[in-house]
């Protein structure tokens with residue numbers, strides 16, 4: 001009799017404790033769909049923000065249906081885009097179609113669902129930033145400028161002509177706060193003039209498709225603008241022919257003036273107009289030299305030009 005009484009008391013006590021624990025637990029908080037983005041009008045990704053988990057393990061499910069259809073589908077890929085996201089590959093992406101997207105949070109006590117998020121792919125296009133931004137200071141015909149080149153984001157197929165990217169470039173010197181933004185158009189290169197010698201510049205580019213938003217800016221690239229001077233006078237050292245069929249001339253560079261400098265060797269033949277040695281023959285000789293065939297024998301004149 002005492003054992004039965006003790007068992008009954010123990011059961012009632014455990015039941016009371018379980019009821020109290022359940023009172024402290026609750027369904028998960030309401031999740032929120034943050035945004036959806038398509039980098040190239042062929043795929044897209046949606047991200048959500050979890051609500052409170054109420055101290056319990058919580059599972060999240062993204063559900064969607066398409067305009068005019070009642071069938072509800074679940075997210076096709078929870079892994080590719082990282083935590084709290086759903087990736088839609090080409091098979092699950094339809095242009096000019098409205099999607100109704102919700103995220104459902106579930107634990108052992110209950111569930112909660114986000115407000116619906118309506119979108120179509122053409123309205124969420126935002127490409128990745130351009131890549132491989134390269135900078136070079138060039139002096140040509142006495143003019144100093146910055147040459148910037150870059151590549152389109154890898155996911156955007158611009159070669160087919162179906163997608164067209166537009167670019168903007170921005171730059172500023174390190175000591176300034178404000179950026180100068182330049183619309184570049186469809187070309188993936190640009191020349192910047194009116195630079196201040198001696199300053200270090202920061203350059204970025206971003207892009208957009210015909211439909212959608214501008215991408216994020218690319219990573220910052222830096223370049224130092226030299227305090228340039230005209231190049232020093234080069235000196236023609238000597239010319240030599242080893243077999244009376246070809247010959248090579250060597251020169252000594254002058255100071256480079258702190259700028260990239262190209263060398264061009266000019267020549268002319270007696271009684272003829274001035275000409276040039278064929279460019280490929282520069283590659284057959286050593287640095288700061290030129291090799292010519294026998295047809296190029298004549299008077300040699302060396303001049304130096306900026307790049």
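Glycine residues also receive a Cβ, built from the backbone N, Cα and C atoms like all the rest.
As recorded in TrEMBL, the features of this protein are as follows:
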DOMAIN    27-128  domain 'Fibronectin type-III'
DOMAIN    129-228  domain 'Fibronectin type-III'
SIGNAL    1-24  signal peptide
Q: Compute the average pLDDT of the predicted model within the domain 'Fibronectin type-III' (129-228).
A: 93
Q.
Within the domain 'Fibronectin type-III' (129-228), count helix residues (DSSP H, G, I), strand residues (E, B) and coil residues, in that order.
A. 0 helix, 52 strand, 48 coil
